[in-house]
Amino acid sequence: MEHHNSHLLPGGSEKMYYIAHQQPMLRNEDDNYQEGYFIRPDPASLIYNTTALPADDEGSNYGYGSTTTLSGLQFETYNITVMMNFSCDDYDLLSEDMWSSAYFKIIVYMLYIPIFIFALIGNGTVCYIVYSTPRMRTVTNYFIASLAIGDILMSFFCVPSSFISLFILNYWPFGLALCHFVNYSQAVSVLVSAYTLVAISIDRYIAIMWPLKPRITKRYATFIIAGVWFIALATALPIPIVSGLDIPMSPWHTKCEKYICREMWPSRTQEYYYTLSLFALQFVVPLGVLIFTYARITIRVWAKRPPGEAETNRDQRMARSKRKMVKMMLTVVIVFTCCWLPFNILQLLLNDEEFAHWDPLPYVWFAFHWLAMSHCCYNPIIYCYMNARFRSGFVQLMHRMPGLRRWCCLRSVGDRMNATSGTGPALPLNRMNTSTTYISARRKPRATSLRANPLSCGETSPLR
């Protein structure tokens, strides 16, 4: 293969030889070219088709590990073996490789676009339910709405920009301003989620461990939420400062002047200590608080009453309600930890040069990146599944949409017809109480308006 758009190698050769990774060491004995050296990226960086970036203590480094670039990756020199053609209009350097194939890009679209859609719709619905329903405006639901806003920030800015720039285009097309903002918003969103979960656990801890103490008011909860966002914004502030656009040392990026968005720290030491500090603030400290509070809450809520102590029906209902809320929030905490902890541990391990040369690293990085991005669409599913009031709010909102309301109406009518004709499942029989027949006959008949039934085909009353 001849290189039509050639660069000059340091040795003066008029041809550019580029490593085709994950392919045999190809060489035509009849070719007359100068043997040279080219900087080959380690396997993880091959996702991005970059080659060499400074890795010394004074050079710029990748940094914290935002989702818009592959951070902390090390590189090694390799003999030049394969000569590749490329042009700025048709970038096909790695057409034989999985990462640049059309099938892989289809998989990327199928994995990331549903996250973007479901996260925006689900978290937007959560915010709307809390805002529009008076009885849903509780302290815990205010914190849940704050979580949803953070997930909307992640899904709207970070999810599409990261997968488009990393896996589809292989460069950053969104400009310098969005480079700063996207890296910043990703860190802020994770910090807001961690700190808000801590605030919820402390609120539940106080309410259950000391039930006679004054509860956190809604006004005080808004101040706590504002404080959470302020601390998150301040903690992540170094990230937009060191973020910027840079041309990696690859033939195509250099020739076509294609930039990537990455963090460029003054020294590797600063980057390492900030990454370590951010990991502690995002996960180590919050996870310690969450384990302590929910362990104490679990012991208190699921503990049996002492023998001889009376328990009324009201006490049983309150205990069941507390257990449901604790189960839901524990699920939220576990899902958050499972989604984001692997990706952040991977960013720390990339500081180890030997680990950065691990062959399966590109696949592990891709899987952990998708897992972290997918977190923003899980919380609404948890709320809908484990909380009856959120579930009722979701159902009522669906019935207000014309298309969904008609579909639900046709389905419910079909179910009733099947039940009456005997083709569907039989409805339970209700026994008539003859002793109250005379009294029931004098009462006004129950209203049969569709408005009274939240699952009917007509308009539904708002959730109160």
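Numbers here mean position along the shown chain, with the first residue as 1.
Heads up, the Cβ atoms here are built off N, Cα and C, so glycines get one too.
Membrane topology taken from Swiss-Prot puts PRO251 and MET318 on opposing sides. Considering ASN49, ASN123, the record held by Swiss-Prot lists ASN49, annotated as N-linked glycosylation site. If you compare ASN85, ASN433 in Swiss-Prot, the N-linked glycosylation site annotation sits on ASN85. In the predicted model, residues of the topological domain 'Cytoplasmic' (385-464) average a pLDDT of 54. The DSSP breakdown of the topological domain 'Extracellular' (351-363), given as helix, strand and coil counts, is 7 helix, 0 strand, 6 coil.
Only residues 6 or more beyond the boundaries of the topological domain 'Cytoplasmic' (211-221), in the same chain, are considered here, and those with a CB under 8 A from a CB of the stretch are 137-139, 142-143, 203. Its Cβ taken as reference, ASN183 (N-linked glycosylation site) is surrounded by 30 other Cβ atoms within 10 Å in the chains shown.
Away from its own ends, the transmembrane segment (106-126) comes close to residues 144-145, 148-149, 151-152, 154-156, 159-160, 163, 167-168, 370, 373-374, 376-377, 379-381, 383, 390, 393-394, 397 of its chain (Cβ-Cβ under 8 Å, at least six residues beyond either end).
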